[in-house]
Amino acid sequence: MNFLSTFVTFQNLHEVRRLCHWGPVIALSVIAICSTMAILDSIIWYWPLDTTGGSINFIMLLNWTVLILYNYFNAMFVGPGYIPLGWKPENQQDTQYLQYCRVCQGYKSPRSHHCRKCNRCVMKMDHHCPWINNCCGHLNHAYFTSFLLLAPLGCSHAAIIFIMTMYTQLYERISFGWSTVKIDMSAVRQFQPLMPFSVPAFAATLFALGLALGTTIAVGMLFVIQMKVILRNKTSIESWIEEKAKDRIQHYQTGEDFIFPYDLGTRWLNFKQVFTWTGSPKGDGIVWPVHPKCHQHTLTIEQLKQKADKRVRSQVQYQAVEDYNGACCPLSKGLQTFFRTPCTEEPRIPLVKGDTILATRGTKWWMYGDKVLNEEHNIVGDRVRGWFPRRCVEKCHYDTAASDSTSDKKVN
């Protein structure tokens, strides 16, 4: 058991249930198919184990598979780290600079955000990743990013094996028309394959090649995106907060000079905040090293300003004119609504004719907002928000006083 704990750390046994989700099922299937086909193609048709090169190639393929799975499972099961339920800062005066989470019944520490999927406030939350069925945050950011690096490297190696296997086995069967391309095939002809390269083997290799190339491109792009924010000691959410801060300052012409508080000045220092030799990131997930001109609550104060600005600038009141059952792709609401459904795991909210919604953002065919609830639900702290078809609502033309009253009631 101690041996296993050095590879994967389970906070609780029920964490194993994270595997029962479409994201891990697809991700592990791709890893299994690419790894298995690359090993089989190498041993049977391309590079046998009785050669030095074949043995080295086999060891490298196994090495890629082990490293990819090690970082993948650690990213999934170690988790991002969660703010303790009911958390409060040691200095009670600091609560004025923090947001309160009704679900966790505590304050959100700097850099933390509440995840609706995990139903907890996550330390230094970057995003909720469906492929690991968990959040990417403080504790597993390094594991997640290492997985994003290793997966394209391993798939690139596998793709080369697939291409060379098909080329060598089909070399004398098909005329490629490459009169200017000369490849020495003498080494390949020195051994006989363990079995013929049949049509099913060709189809399986071609399918695995597609998966490997697709994974290399898609996951490689995600790795580049992650490294950009890590080298600035940011998260994806904080990059968005910084952009909104610049927009707010420009809109109101406040003359403020917003400085991102967690950028330590050099890429190397920022890099070391996430990647360490021990595998554990620096810090406790609550208190962070900051820029000399900033303090612990610089970003949280900016978030509070943006929340207030959002209520003034963004929330528009709408009233439901059609019923909506909360379906992800409602065919009854039109083909455009069906095909243009938001590609996100954010919830849809059912509507009944007459419901009032405060919309905060949207697309041409869908809108996102909070449903205005009755007094009983407001006292309890319930909140219903999500996507709904734009055709189901109409903008309310109330007077300003009524709108302000409704907004104030929502905030309280």
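In case you wondered, yes, glycine gets a Cβ from its N, Cα and C as well.
Please treat TrEMBL annotations as automatic predictions, because they have not gone through curation.
Annotated features in TrEMBL:
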DOMAIN    97-241  domain 'Palmitoyltransferase DHHC'
TRANSMEM  25-47  transmembrane segment
TRANSMEM  53-73  transmembrane segment
TRANSMEM  147-167  transmembrane segment
TRANSMEM  201-225  transmembrane segment
Across the domain 'Palmitoyltransferase DHHC' (97-241) the predicted model averages a pLDDT of 87
Other same-chain positions with a Cβ less than 8 Å from the transmembrane segment (53-73) and lying at least 6 residues past its termini are 7-8, 27-28, 31, 35, 38-39, 42-43, 47, 132, 143-144, 146-147, 150-151, 153-154, 157-158, 161
Residue counts for the domain 'Palmitoyltransferase DHHC' (97-241) under DSSP, helix then strand then coil, are 72 helix, 16 strand, 57 coil
